[in-house]
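One structure below.
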Amino acid sequence: MSFAPSPALAPNPWVRILGALEKKVTRHSFDACLKPTRFSHASGTTLFVRVPSTDIQETCDRYGDIIQEAMESLEMEFQEVKFVTPEQDPAAARLRDDGGFAPMPAHASNAPQGIGQRSNGQRPGSPASSAQQARFDWNSAAQLNPRYTFDGFVIGNGNQFARAAAGAVAERPSKAYNPLFLYGGVGMGKTHLMHAIGHEMKMRMPQSSICYVSSEKFTNEMINSLRNDRMTSFRDKFRSVDLLLIDDIQFLAQKERTQEEFFHTFNALHESMKQIVIASDRPPKELPEIEDRLRSRFEWGLIADIQPPDLETKVAILQKKAESEQTTLPIDVALFIASNVRTNVRELEGALVRLIAWCGLNGMEITLPTTQQCLKAFIDTQVRKITIESIQRSVAEQFGMRVAELKQKNNSRSVVVPRQIAMYLAKQMTEASLPEIGRQFGGKHHTTVMHSIGKIDELKRTDKDLNRTLNKLMETLNS
Ligand SMILES: Nc1ncnc2c1ncn2[C@@H]1O[C@H](COP(=O)(O)OP(=O)(O)OP(=O)(O)O)[C@@H](O)[C@H]1O
């Protein structure tokens, strides 16, 4: 029997399963994780269900057993449910290629009223639902993570200024600070704060259109629109929002055409008193490959940084996250995790998720000894973790230069070779992707990183000195 969906007629099997699940999980878990999901498509006996983020995907995967039970009790012929993020979903990819925005347009989800995001009131397939002819339906596409709220954000010394600024912007959009520019290291809560602004504004002004987009997605969509001669609808779409939340702005480095387009989007929104919030891994003045006119606009409003959390804040974050998982975390356990996981809040959460799952699966209570046992390998890797920063430091020391020089736009041989070596080591010794490596070297394009790695690979075959240097650096980093 084939379950290929015919959007207008086929009953939505996922909605029936959700109906059953609603009775089996807590209201909080249902609202946070299951409610934002959408039926994507069916293939054979597998149902594909779209989730807005990998976090939610991980949590939904844990419901495998009760989903199985629900399918059996509903006498469905499906064997399995696969949760896919918009990036992993072929159906979403088709929409993206079509120039639509990646996640879950209301007409693609066949979603029931009352579950998930608000409907825009249009009938699926009606002429007005076409992205070409109607204003883009930001209600269905805002992509806000339901867990990233102000309530779920723990305030500490390192983030209180950014949190206060975000609160002011959400309360008085375009009147408090416009733009608000948030910056800070990896996993420090910039995205969380942006989404929280979106949620708060939506609550205060339900009719407002909110767009959260990474600069990478903005770029990709612009390229698609250029290719398909749809720039007018692209512009209309982004210039029709009341709140634009744009993440990872550093990715606009060297993308001149996208910077130009974003410059006009920024001006159009600012002039019409719409709020703009920008997040970046560094302050505007350290974005050398962003045009001056754009950088100066980033400095128009308020710039707020987020510093790494101190021990107390990390403990409070862990307890808050445990609470939302309905788990009690003893204080000694929270202190142990907080003092051993030193990288960022994302890793902190990773350790907690692992601990809860491990204790749950083994039927064990969360105590200090079980935590030490469960997180041993995790913490060992943390201790040994080689980062791009540590590579940059070692390479800079080896060549008697400053780390900043490795990131600057300087093409003299004395800088290019150490930079290529550092990029090569970053690829070999960390799990960072090419774009991430490029990002940490002053916003270099991933093709530049690829070229650098290729160059070192090639030289290594004949250059003994280079091999000696590489071995020495690897030894230092590993020790
Ligand atoms: N102060 C905080 N309170 C509660 N949770 C936090 C806090 N800071 C960070 N987090 C959590 O840490 C995780 C990573 O945060 P987020 O994705 O916002 O980081 P980011 O700064 O945007 O990182 P990146 O630069 O890698 O995108 C999220 O799950 C977020 O909820």
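Glycine residues also receive a Cβ, built from the backbone N, Cα and C atoms like all the rest.
Just so you know, TrEMBL annotations never went through curation; they're auto-generated.
Copied over from TrEMBL:
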type	residues	note
COMPBIAS	110-133	compositional bias 'Polar residues'
DOMAIN	176-304	domain 'AAA+ ATPase'
DOMAIN	387-456	domain 'Chromosomal replication initiator DnaA C-terminal'
REGION	1-92	region 'Domain I, interacts with DnaA modulators'
REGION	93-134	region 'Disordered'
REGION	143-359	region 'Domain III, AAA+ region'
REGION	360-479	region 'Domain IV, binds dsDNA'
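According to DSSP, the secondary structure content of the region 'Domain IV, binds dsDNA' (360-479) in residues is 88 helix, 0 strand, 32 coil. Model confidence over the domain 'Chromosomal replication initiator DnaA C-terminal' (387-456) stands at 91, taken as the mean pLDDT rounded to a whole number. Secondary structure of the domain 'AAA+ ATPase' (176-304) per DSSP (helix as H, G, I; strand as E, B; remaining residues coil): 67 helix, 24 strand, 38 coil. DSSP places the residues of the region 'Domain I, interacts with DnaA modulators' (1-92) in helix, strand and coil in these numbers: 39 helix, 16 strand, 37 coil.
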